[in-house]
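Copied from TrEMBL, the annotated features are:
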type	residues	note
ACT_SITE	Asp62	active site
BINDING	Lys33, Gly34, Gly35, Val36, Gly37, Lys38, Thr39, Thr40, Glu231, Asn258	ATP binding site
COILED	327-354	coiled coil
DOMAIN	26-318	domain 'ArsA/GET3 Anion-transporting ATPase-like'
Amino acid sequence: MYQGEDAMEQQPEASIRNVVEQEQLKWIFVGGKGGVGKTTCSSMLAILLAQVRPSVLIISTDPAHNLSDAFQQKFTKSPTLVQGFSNLFAMEVDPNVESEDFENVEGGGIISELANAIPGIDEAMSFAEMLKLVQTMDYSVIVFDTAPTGHTLRLLQFPSTLEKGLGKMMALKNRFGGLISQFSRMFGAEDEFGEAAIMSKLEGIQDVIERVNQQFRDPDLTTFVCVCIPEFLSLYETERLVQELARFEIDTHNIIINQILYEEGVESKLLQARMRMQQKYLDQFYELYEDFHISLLPLLSEEVRGVDALKDFSKHLTTPFNLRSTNECKVKDITNLEEEASKLRQRLSEIEAEIETNRKGKQIV
Ligand SMILES: Nc1ncnc2c1ncn2[C@@H]1O[C@H](COP(=O)(O)OP(=O)(O)O)[C@@H](O)[C@H]1O
Ligand SMILES: [Mg+2]
């Protein structure tokens, strides 16, 4: 059964309008399993936001970048204006790029060794550097097209990873700072190991991290939009994601379910079976996330590429996708079945007549 009117009434509106209209939002993360439509959805969301906000930046942090494919325009690691817009910018950053911050400081040194010993520090540093850069750019809202689940959560953990690491470093500096400079002087060079440079860099970054960490945990400023498809694995991953986000205290109250089969009068047994399967998981989504805005996107016969296609498809994110066509398809199904039954009845009576004729023939012989 497709979702009834009653269920519709209980569930928050089946659209992403709540995100577009939440004027204070500064950071919007869009995430889910690979290939479910994260880039498509984050691009559409960025386009919708560009209609109401002074400036929007969409950042892809997925190493398998495909913002360029979606917009059919090449992007780099600095913000580039999206063609056809005056206030929508896009950039693709690689969270795996080794941070050269420590290596750049001459001689490496004790503090640099310590810094490098903190797990994940490189990734955390480049994420922090990127956030620092983005903050100075003063965009009204920033949409993240994130990497598949595991990666995303690690990215969101970085502020705390870095905060902990930096805390340790500061403590060490306070305990051994004097000793380190004594050593430096003993070896005849003032600040030979470059600790001062590294420490001031770290202190600067700690400030950004603290601010960003607070912002990520503020539901007025940050939200996470989960994208999925109506299949078991995706449902399972979404639940994992929602739980992890709760653990990191990051707000999430929107799910976009993509690739819904809705064709009218489907004859294919395969498609009919898949539609039944999808409905089973849709029901489970509605049951599990009754306080979420669940938006539905139909599966199209073609890919969604280019600004025009994205704009056109984005209407489903603001106007709830009408499943009535699916119900109409059921009505059609019944009509088809009745036609088929009457054909079969006719064929049956023909066969019966044939049998009858044959029998009579045999009796004559
Ligand atoms: N509802 C849909 N109907 C048809 N094609 C879609 C739909 N959603 C996404 N696509 C296409 O599927 C591919 C993968 O989508 P994409 O948004 O890049 O996924 P992800 O970023 O999660 O890997 C793209 O080619 C996109 O155009
Ligand atoms: Mg993508």
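Cβ atoms are placed via backbone N, Cα and C, with glycine included.
Any TrEMBL annotation is an automated prediction that lacks curation.
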For ligand 1, which among the binding-site residues Lys33, Gly35, Gly37, Thr39 have a CB under 6 Å from it?
Gly35, Gly37, Thr39
C-beta crowding around Gly37 (ATP binding site), within 10 angstroms:
24
Below 8 Å Cβ to Cβ and six or more residues apart, same chain only. Which residues does that give for Glu231 (ATP binding site)?
Met277, Gln278, Tyr281
Excluding near sequence neighbours, so keeping only residues 6 or more apart in the same chain, what lies with its CB under 8 A of Thr39 (ATP binding site)?
Ser60, Asp62, Asn66, Leu67, Asp69, Ala70, Asp145
Just to be sure I understand the contacts, which recorded positions have a Cβ under 6 angstroms from any atom of ligand 2? Candidates are Lys33, Gly35, Gly37, Thr39, Asp62, Glu231.
Thr39, Asp62
Considering every residue in the domain 'ArsA/GET3 Anion-transporting ATPase-like' (26-318), what is the mean pLDDT value?
84
Would you mind ranking the recorded positions Lys33, Gly35, Asp62 by how many other Cβ atoms sit within 10 Å of each Cβ and giving me the lowest?
Gly35
